[in-house]
Structures are given as C-alpha cells and as structure tokens.
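Please read the structure below before turning to the comments.
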C-alpha cells in the first residue's frame, strides 16, 4: 500500500459517501485474491515465465513455433503495465509532494526534496538488491506503518462529538447517490483490473513458493488492506461529518489529515498529524520500490530484452527523476484523476487477459492473439466513442471518457461491454472458420499447445519416442502428460 491510502479513500468518500467508501475498501483488498487465482493459473501453465508480458508471449508463441506470434500482445501488455505503474508511481510522488507542500507548508523547492530523495533511495537499493530487497523492506515498512496506524487509531478513539452530537447523515453522505451506487461496479472493476496489470503484484506471484502459500498470503493481505483503507477513508469522512474539514476550504487530498488539525485548512500542528505524515512517507516508500521493481521486470522482458539488467535499471532511474520532479510540483492536482485514467485503460484489457489465462483446451483454441488484441483495442475505442456520443465532440468526449467522468458507472459499462463484444466476435469468427490459435502448426501433428503450456506433470522424451515432425517443433525434449 502506498501513501495514496491517506488521500484517495477520503477524497472518494466525499463524493460517493459511506457506501462508496465501504465498497472501495472491500474492492481494495479483493483484487489480491483475484491476482492469486490468476497467478496460480499462469504458474500452472508456464513456470518459466518471468513477467506477465513474457507469459503472454510464450502462451501464443506455442501456436506457431518459429514465428513471432505472441510479440504484439506482449508489447501491448507491456504498454498497459507501464502506463499503469508509471501513473501509480507518479501518484505516490504527487501525494507525498502535496503533503509537504500544502500540509507542512514547505516551499515548492523544499517540498520537492523529500520526494526526490525517496526516489533516489528506493531506486538505489532496488537496483542493488532487486525483488528480494524490495520484499524485505516491504516487511519492515509494513510493521512500522501498522504500528503508526494503531497509534492513529487510538487517537481516533479519543474523538468526541461536537456539542449536540453529530448531525444525521444526509443522503449524499450515506452514499445513496449516483456516485455511491456507481461504486458497486466501478470500484471492483477498477481495482481488480489495475492489480492484474501491475507487475509489482505479478513479481510476488512468480516468487511465491506454492499456490497454497499464494492463496494464504493473498487472503491475509486482502483483509489487512481492506481494514486499513477503510480506517484512513473513514477518518477523513468523519472529519467532514464532524466539521473538522470542509468541502469549501480543505484541500481534497487532506481530509484525513484535517482530522488531526486544529482548523479545516489542515496544516501540520499536532503530534498525531506528524505521525500521520510519517506513516504516509513509509507507505509511499514501500509502494515506490515495488513499482520500480515491476517497471524493471516489464522493461527487461520486452523493450530491453537481451540487454544487461543494469541497462534496464539505469533506464528506470532516468524515468524516475522526471516523475519525482513532476509529482513534487503542483502540476498534478488530483491523484484520483490519475488513477481513473490508468484504471480505465486496464479495465478495457482485463477480460481479454483473463481469457488468455484460462486452461481449457477449447478456450485456448478460440482465444487467439488476435482475439486478445481485438478485445483491448475494442474496449478503448468503444469507451472513447461513448464519450464522443455523450458530449457531441470528440475532444470533449475523450476527456470525459478518460479523465472527467468521476467514476460514473456508464463509462465503465461501455468499456467492459465494448471489450467483451470485440473479444467475443473474434472468438466466434475463429470458431466459425476453424481458426485454432491454441494448436501447434501442422508440423506438430495437430498436438494442442495445452500439452506444452501446462506443467502439472512432465516427463522427459526418450530419444526416438517421438516422430521427427513433433520433435522438430519442440525446442526442448519435454512433453506434458495430461
């Protein structure tokens, strides 16, 4: 979890109400369980994959050995992964920068200093230690962050309602509005999709000891994430409800911090406020190093495949510094808007990705590389087209579709429907015309690539046991016995 948890849930609760916050909190943890399930499917299909793009490339390359099949979908997945992780990293830097600039009251130059130092520090130790160091520091940061959260929870317990008690919840505060009801669709769709397209999560999947440990860790993590997200969001919501914060005078990113401030302007003036700032910084560091590892893994498997790992790490450093400078400046005014862009890009691609992970032999034959590409591009085009239809202008429609819809359910429905229709259309054409993307070329004697892509039980091929055509199609002398 990153420092976004101190700002985004409370900001979202201010528009979607208590219902929206509750759904957001549950949806923040649930994707870890979905990612564990998807990861188990991927691991059972190909234990040698090193990243999500690498898995997709290998999955479709088996359909046409010797060709460049799988390359396009791997590049597309890399682009979406990088967009999602870069925007998430920018959101971390922007959150930390805004806290020092607005909450602490530092000048722009001084506010940029902790952000840049954190970027250099995390890039440095992840470059040297990689995923192992990232996981180790995550544990230390998690312990410290949980301890600080417990202290803040104790401060919250000392809260006393204003004279006359808290006012009754209004319809808007309860969440019985379009925004609140929309959260029932938009939050699960957003957060599940964004998690599936984060190599920071997939790196943990590839590194897990077994599917059992993966499931156990995901359930524990999901519960912890949901509870912590609700705590930070509800504290900000309570600040608005009790009058400690105001929609007019409080910075939307500081509703949580306003609870520990003496005025709705939300400035650092108390020990609990300082602890909250320290907690945000620790969370931001933990998220930043995970995202940097994910970006490194994605670049090394596609753009810089075959190059030295240090070349990839240097590129990550070069990317990090501009992001840190931009995040520390007032350019990024809404972290929630950054997440909206990334979430919608991922929502359009989530269904095709999940279809590619399924192990069913029949589905593997129908879900070709072209079907996955059609599903992704169809979702993007359909979403933009829906915005154009609603606004009557292409530029205004595109802005509304990707940045300005405030997580309205109809835009998410448009993205999911367009993606599903495009994916389904190509799969239906494959069925009608007998195109089988999940099978080997004719030289493979019609053997389905599910035999190669699954690794439940393997056995070595003795010399002379296979006919020459099948042996010629296999880069290594192994076949799967299903």
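In case you wondered, yes, glycine gets a Cβ from its N, Cα and C as well.
Automatic, uncurated: that is what TrEMBL annotation is.
Copied from TrEMBL, the annotated features are:
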- 12-38: transmembrane segment (TRANSMEM)
- 69-90: transmembrane segment (TRANSMEM)
- 110-128: transmembrane segment (TRANSMEM)
- 140-161: transmembrane segment (TRANSMEM)
- 181-202: transmembrane segment (TRANSMEM)
- 214-242: transmembrane segment (TRANSMEM)
- 270-288: transmembrane segment (TRANSMEM)
- 309-332: transmembrane segment (TRANSMEM)
- 338-358: transmembrane segment (TRANSMEM)
- 370-389: transmembrane segment (TRANSMEM)
- 409-433: transmembrane segment (TRANSMEM)
Positions on the same chain near the transmembrane segment (140-161), where near means CB under 8 A and six or more residues out: 1, 228, 231, 235, 238, 242, 259-260, 272, 275-276, 278-279, 282-283, 285-286
For the transmembrane segment (409-433), distant same-chain residues with Cβ under 8 A (at least six beyond the ends): 178, 181-182, 184-186, 189-190, 344, 347-352, 355, 365-368, 370-372, 374-383, 385-387, 400-401
Contact between the transmembrane segment (370-389) and the transmembrane segment (110-128) (at least 3 Cβ pairs under 8 Å, separation 6+): no
When counting Cβ pairs under 8 Å to the transmembrane segment (338-358), the leader among 69-90, 181-202, 214-242, 309-332: 181-202
For the transmembrane segment (309-332), distant same-chain residues with Cβ under 8 A (at least six beyond the ends): 86, 89-98, 101, 108, 111-112, 115-116, 118-119, 123, 126-127, 292, 295-296, 299-300, 338
